[in-house]
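One structure is given here, and the rest of the page talks about it.
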2 protein chains.
Amino acid sequence: MHCIYTHESTFDKQFQALLGRGKMDMRTVTPVVQTIIEEIQTRGDEALGEHIARFDKWQPSAPSHMRIDTNAMKEAYEALEAPLKSALHVAYERIRTYHQKQLPKSWMTYEENGTVLGQKVTAVDRAGLYIPGGKAAYPSSLLMNAIPALVAGVKEIVVCTPAPHNELNHLLLAALHLCGITHAYKVGGASAIAAMAYGTGTIPKVDVITGPGNIFVATAKKMVYGDVNIDMIAGPSEIGILADSTANPRLVAIDLLSQAEHDEMASSILITPDEALAKAVIKEIEAYLPRLSRETIARESIHKRGAFIVTRDMDEAVALMNEIAPEHLEVMTLNPFDLLPKIRHAGAIFMGHHTPEPIGDYIAGPNHTLPTGGTARFYSPLNVENFMKKSSIISMSKAGLDAIGPSCALLANCEGLTAHEASLRERLK
Amino acid sequence: MHCIYTHESTFDKQFQALLGRGKMDMRTVTPVVQTIIEEIQTRGDEALGEHIARFDKWQPSAPSHMRIDTNAMKEAYEALEAPLKSALHVAYERIRTYHQKQLPKSWMTYEENGTVLGQKVTAVDRAGLYIPGGKAAYPSSLLMNAIPALVAGVKEIVVCTPAPHNELNHLLLAALHLCGITHAYKVGGASAIAAMAYGTGTIPKVDVITGPGNIFVATAKKMVYGDVNIDMIAGPSEIGILADSTANPRLVAIDLLSQAEHDEMASSILITPDEALAKAVIKEIEAYLPRLSRETIARESIHKRGAFIVTRDMDEAVALMNEIAPEHLEVMTLNPFDLLPKIRHAGAIFMGHHTPEPIGDYIAGPNHTLPTGGTARFYSPLNVENFMKKSSIISMSKAGLDAIGPSCALLANCEGLTAHEASLRERLK
């Protein structure tokens, strides 16, 4: 680990590599995923059973055994110790409160002549949430995916999560109960995405699929996109930190590590005009690494994919961070709100020294499902609108049609569409 | 052409076929499109020149010759006859006014303890609009794609449109001038999508690509999705009409034909409880067909893909239409607003006898880029938010962190993420 400097001639090349971080090459897994999808499409539950045996090492004796028992959810919830139950409830309420503020409203406008235009917003009928399982079983992912769907008003929510050896994380079960999920299935990977996209005897076809996953899940989501909607295609997690000399190097170090511990492929990027800070952070990281339970992962991640960039000034730091467009951005400066107007691209922005990124992973309120790999340039955090869609409303009055119909007929005529023109002229007679 | 009846035993099967309308099988074109994309990625402008020679039958002598001259746009605009120029302006203003109402607002909320949460909405840096050319050169497509991007505040808008034999539609040129587009290129098909997704020497890489196109364009959009955002994957156009005995059969017939004339693959579907109306509509269609300039296309479309469904009552008609989830829905009934709450899935809803679908294609204000093939169950009409994205904002006060930090640390611990936990605990000391 060492600093890199924007004033050095080699900087551009090093920075280009950072911009290419997290790119997934789906080509090698595409044929595998294609086969999985086709098997689910043609043989439904039967294929699901085979995939579960192959990937999760257990065999459902009947399709109905893929379904997660709601009693098991309730028992897990009731068995929670009080502090943990309370923590889940605090998270649930704060996430719900935040997402309720996102709810879009239908609207209508009225013109003098009686014409009405509007936009109607409605929830999708069915949503499918994919929640990773096994070593990366994150109950928080369930809250972050289910609550926006619930707030949107989705009537039917389906959850799929893999259960290696037919075992499930008890906190995930408890979270399923808390969210009131009744349709949950022990199915994982590309098979789960295909099952929710096209339906099987047991798992209903949904309209929208959201949720994180590995490259097989991401590739399956891309392949079913268009037949259903999806939230985004996400890759490895990442953090960018903008810091000035007021930042505590130890906190910066731990926050970078909290991203690095997720995954060997995670990226942790510090950009600061303060060379002394950058060097102190590197020292703190080395000191802190042995204290982590996931030391090996964090060490590999931070050594291979960490970056410590020293800039000429803070403006240059912000400009570079906009190019990075990180999933998570911490602004650890004296006056973080001064920088906010200049920050154009980031999934979630964590302001000031009291706002560590993990507070957003669990409990602050905003969603933790965020665009990665620079896709914050065009993707939004998961939000209630991922579970809703709009319809335009047009109601012309006779006077309104008389006013603009002739212009419309002229444009239709210019495009050579005579039935379009006739549809107008017949009414203008 | 004949009526089909919901009370007949064969209905379900006939209806299932309607639900499968417009499904595109991308598998046959995928390898071709894959090759085109790889050629653009590896050889940029050189490959673009070859593709133009192959598909559009002219050879740009230099990459800069692919660019559409802004003087040509201005001249085309100035040469417009007054009524047409006025019609374009009316369309522009009404479309702009409608889309301005869609603009989302950034917001922040403040908690007692000083914690601030919010959501920042910003335009993407660069948008790419694909406008089909050749026999289907629709200047209206330019207005409908460019205006939402302009309203969203996109700084750099790139347009690609094919120019067979190096010729462009003069009304499209005029519309480019009206929209103030300066970066427009005579490039079409999958090559154009790839060029905008990955950039070439001449065409800049964009963040979002929108616009209609044939199956090659649709397949390319799906393949680049994730590297850029796209609006939707759209197939052949379609109309659904809900009508009661107050509907004029001649108008219903012409409105169905105005969809049929687009494309042999277009679907025109009437659903009504009034058998006499359905039969009268079929008669009017036969009588009107010979009067259309695009008679052959309209005839093939309406005969092969038209449907005239007679239901038991209006409730059943609405329920079936929700399953169809049509791109365009005309409600030609006595009291169309009575039905509006029951209509759950449709791209654009045209209310009452004075609201022909073509008024929405050009001039009413709402967008004409709409989800097809039943995807209105989850896609929205093209809108300003296609050109914008959100960032979450979290700013914890010390008191706010003290209040919820311990619960957050507990959840992090349960997920086995000790650096996450440490990031909190270090601040809670």
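Including glycine, each Cβ sits where the backbone N, Cα and C put it.
What TrEMBL lists as substrate binding site is A:Ser237, A:Gln259, A:His262, A:His328, A:Asp361, A:Glu415, A:His420. According to TrEMBL, the Zn(2+) binding site annotation covers A:Gln259, A:His262, A:Asp361, A:His420. Marked as active site, proton acceptor by TrEMBL: A:Glu327, A:His328.
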At the Cα level, what's the spacing in Å between A:Asp361 (substrate binding site) and A:Glu327 (active site, proton acceptor), rounded?
12
How big is the gap, in Å, between the Cα of A:His262 (substrate binding site) and that of A:Glu327 (active site, proton acceptor), rounded to a whole number?
14
Contacting chain B at Cβ under 8 Å, from the recorded positions A:Ser237, A:Glu327, A:His328, A:His420, are A:His420
Measuring Cα to Cα, tell me the gap between A:Glu327 (active site, proton acceptor) and A:Glu415 (substrate binding site) in whole angstrom.
45
Identify which of the recorded positions A:Glu327, A:Asp361, A:Glu415 has its Cβ surrounded by the largest number of other Cβ atoms within 10 Å, counting every protein chain shown.
A:Glu327
Can you check which residues sit near A:His420 (substrate binding site), meaning Cβ under 8 Å from its Cβ, same chain, 6 or more apart in sequence, and list them in order?
A:Ala412
Among A:Ser237, A:Gln259 [binding-site residues], residue with fewest other Cβ within 10 Å
A:Ser237
Counting other Cβ atoms within 10 Å, pick out the least crowded of the binding-site residues A:His262, A:His328.
A:His262
For A:Glu415 (substrate binding site), just give me the three-state DSSP call.
coil
For A:His262 (substrate binding site), which DSSP three-state class applies?
coil
Expressed in angstrom and rounded to a whole number, the substrate site built from A:Ser237, A:Gln259, A:His262, A:His328, A:Asp361, A:Glu415, A:His420 spans a maximum Cα-Cα distance of 57
